[in-house]
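Pasting in a structure now, in structure tokens, and then I'll have a few things to ask.
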Amino acid sequence: MGKSFLDCESLIALQEIATNPVDLTLPGTLSQDRIQQYALSAEGFTYSYATERVDDRSLNALRMLAEERELIKQMESMQQGAVMNYIEGFQSESRSVLHTATRAWVRDHDLKDEAASIANHSEREAHRLAEFLYAARSKFSTLVQIGIGGSELGPKAMYFAMQGICPSDKRIFFVSNIDPDNAAEVLKEVDLKQTLIVVVSKSGTTLEPSVNEELFKRAYQDKGLSVADHFVAVTAEGSPMDDKTHYLEVFHLWDSVGGRFSATSMVGGVVLGFAFGYEVFFEFLQGAASMDAHALTPIMEKNLPLLSAMLGIWNRNVLKYPTTAVIPYATGLKYFTAHLQQCGMESNGKSISRQGKEVHFATSPIIWGDVGTNCQHSFFQSLHQGTDIVPVEFIGFLQNQRGIDCVLSGSSSSQKLFANLVAQSLALAQGRDNDNPNKRFKGNRPSSILVAQQLSPRIAGGLLAFYEHKFAFQGFCWGINSFDQEGVSLGKELATQIIGLMSGAAPIEFPEARELLRLFNVLQ
């Protein structure tokens with residue numbers, strides 16, 4: 001794979017095809033044959049892409065591009081523990097990427113070396129978790145997870161994804177922001193004596209969880225309660241938090257498991273296991289592990305995350321659409337798009353190739369969205385008639401989670417919900433002509449639909465892994481490092497200096513910050 005992304009023959013072919021892409025507004029385009037042909041069912045999901053602006057020509061070229069970029073080979077290498085987090089010739093993390101190993105132990109696998117070690121350690125941690133939960137779930141009624149980024153977004157998204165279907169008498173809260181109001185609003189809701197605090201930080205020194213942990217510790221001390229009897233740490237071995245004298249229990253994660261990919265490690269395991277029971281967490285892992293195996297399917301049209309990734313490449317790099325909206329028609333996925341923003345944009349929001357050279361093509365689109373049907377009444381006007389075309393990824397389910405529904409005018413609420421999903425996809429694709437220009441819909445606005453029977457723990461795990469692999473495949477295709485996040489560091493470094501200015505502990509050689517602080521009356 002010596003050539004760059006822009007030099008791929010198949011990409012050049014795709015650019016030629018894009019001068020005259022399929023017209024979804026023409027009568028008969030969305031035929032029964034097309035809808036049946038442009039669909040894939042696997043792992044409990046059915047994926048429809050008939051409303052994408054692709055045809056056999058573009059799909060063939062996308063398949064060739066995936067083969068040129070050796071995407072399946074790279075996915076195999078990643079899952080087997082090859083060093084994938086690197087920049088050639090420059091200082092970088094130079095690590096394996098082994099979030100898949102945190103759930104590989106729930107199925108048969110042929111992992112070796114570091115990957116096998118992580119899988120074995122993950123199994124041992126899971127068994128320790130099961131023992132811990134047996135006592136903790138009988139003693140505590142509430143859990144507060146303190147973390148930031150992947151220590152909050154993924155676990156929070158998955159907790160709410162399963163909350164509607166898994167019976168639980170537990171109360172769960174998440175504290176992430178360094179804004180003290182975030183912690184204060186949780187503190188007023190909980191009985192500290194009945195509350196387990198889970199602090200998640202791989203390094204053990206991350207600013208936000210460190211500050212919030214201290215805030216909660218003081219609240220416990222003010223009540224005369226033992227911190228060590230209520231606090232649990234999830235951290236790397238050897239970190240400052242890896243000390244059982246200060247915690248009720250310590251669970252471990254590894255450098256090769258990035259934060260945004262860590263929901264299937266103990267980062268998600270403690271909170272999900274506490275909320276719903278260990279068996280539910282195990283089922284969740286099974287769904288993710290099954291999607292990991294499926295992601296190695298060598299044929300693009302039979303590989304869910306690879307197919308979605310390549311359609312995303314088509315929309316981003318060939319049709320030149322700058323954003324992607326993810327719209328789940330499920331209340332349980334109300335925090336899922338926020339997780340995808342981190343998973344996609346922190347992974348692929350890069351402008352440097354693995355060779356350390358600036359790239360001259362678009363990488364990650366802006367990812368955004370909200371839950372349907374709510375967002376039909378907010379930003380869908382722009383999706384249908386705005387000046388920017390936004391590809392939409394719809395997610396839907398045939399059955400609701402809670403089993404409460406009513407039939408009105410001949411259809412249930414669940415049927416009405418799903419009808420709206422399908423209607424939006426067709427309306428975006430086909431549009432509608434009208435003599436009144438204000439009522440005209442141009443159409444040719446692409447979308448895909450991913451559907452499962454019900455949002456169960458297994459499907460939640462599969463959905464999580466589907467997007468993890470989609471973003472990884474896209475990063476492999478672009479030739480960038482999807483597994484570091486250098487863009488997070490500069491602002492953090494400057495914030496540390498500014499905190500020093502505000503506390504009087506830093507020298508004055510930061511005039512720009514000093515003047516801004518004076519402007520806002522922070523400094524006199």
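Just so you know, glycine gets a Cβ as well, placed from its N, Cα and C.
Copying in the features that Swiss-Prot gives for the protein in this structure:
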type	residues	note
ACT_SITE	GLU346	active site, proton donor
ACT_SITE	HIS377	active site
ACT_SITE	LYS492	active site
Give me the CA-CA distance between LYS492 (active site) and GLU346 (active site, proton donor), in Å, as a whole number.
15
Under a criterion of Cβ-Cβ distance under 8 Å and sequence separation of at least 6, what residues of the same chain contact HIS377 (active site)?
none
Near GLU346 (active site, proton donor), which residues of its chain come within a Cβ-Cβ distance under 8 Å, counting only those 6 or more away in sequence?
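Long-range Cβ contacts: GLY149, ARG260, GLN485, GLY487, VAL488.
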Please work out the number of neighbouring Cβ atoms within 10 Å of the Cβ of LYS492 (active site), leaving out its own Cβ.
10
